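Colleague: First, the structure itself, so that you have it in front of you.
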Number of protein chains: 2
Amino acid sequence: MTTDKGSTRYHHGNLRPTLLSVARALLEEGGPTALSLREIGRRAGVSAPAAYHYFNSLDAIAAALAEQGFAELGESIDAALAGPRSHLLAGGIAYVAFARSNPGLYRLMFGEGFQAYSKGNEEIRTLRMRVYRQMKDDLEKRLAPGDVPNAALFLWSLTHGLALLMIDGQVEAGADPDAKVEEILRLVGMGLPAAR
Amino acid sequence: MTTDKGSTRYHHGNLRPTLLSVARALLEEGGPTALSLREIGRRAGVSAPAAYHYFNSLDAIAAALAEQGFAELGESIDAALAGPRSHLLAGGIAYVAFARSNPGLYRLMFGEGFQAYSKGNEEIRTLRMRVYRQMKDDLEKRLAPGDVPNAALFLWSLTHGLALLMIDGQVEAGADPDAKVEEILRLVGMGLPAAR
């Protein structure tokens, strides 16, 4: 959904998705710290009280955005794991691709900028655990039960770290970032001889 | 260096380290978003102009803190790699241990909270690359040259992601977090059969 800044008025009925859509655009423009209820209201062309009717705090809108993000990330991983290339690698590639396509949202989903409103947001923590469980469920089909927890944390750490380093522009990914991600994730299966 | 909040006055000569020390304590109490020049001055017991004489922006003090952090992290990795247990694993363990001991500083070193003052701070980016080069230098002694760049990015992603998930309290590390870190990093050498 696109909005013409300040020039459009919405029926109350569809204001919630409009506010979320506007907030998400703002998030991708300026990162989690750029979120502001006043600016969201301004861009949606509604008064602050109208916006407050739907989200009574920045925390509430951030939590709703994170929920949206985790739902999309979960679907994306599910689709990758169920795809023709049914392989752990596909899940990891989908994970990093989601973060790269939604850098502001991904940072928010991991609490960045949240500190100001509600750091230990339990709701977000629960959503994060759902993605973790998704990885674990897949690993349970492939590994001995005792190996699953560490393998899942290993994979999550790797994909989370790689996603953030790429989002931060800290990594020279070259002309084809997807190929770079795949090269890195292939090392999961091979291991590094140097670390033996 | 410790400071009694607001109760001590310092000679100008040692105000810079005092301001940094106070800022670092503030950072660990409330995270990068808690940094404020006014609060730093208040805790150091000096006027805002006196503080401004040393750091004319929050950006300047954040950059100085990050520089301090990268120097300490670099020393810690060097010491681990040179130690009796000379092994890649020791470097990774030291990396995650540093982040766990300095969570606010570690987040700042990777730009969190910086957005408000100066996101693409080139100085910080250069410091980060120095740590990356340190990992690469060590890997060059252990791997074929062509394998080094991806191996370094793989290791950095894994340690960065694991550090952040632990800092965020997202991981149940159990009674002995150091042992958990070691278990995860041992998978680097073994690889995951499920991903082959």
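Glycine too: its Cβ is placed from the backbone N, Cα and C atoms.
Bear in mind that TrEMBL entries carry predicted annotations, made automatically and left uncurated.
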Colleague: With TrEMBL as the source, identify the stretch among B:36-55, B:76-95, B:96-115 annotated DNA-binding region.
Modeller: B:36-55
Colleague: Can you give me the average pLDDT across the DNA-binding region (B:36-55), rounded to a whole number?
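Modeller: Averaged over the DNA-binding region (B:36-55), the predicted model reaches a pLDDT of 89.
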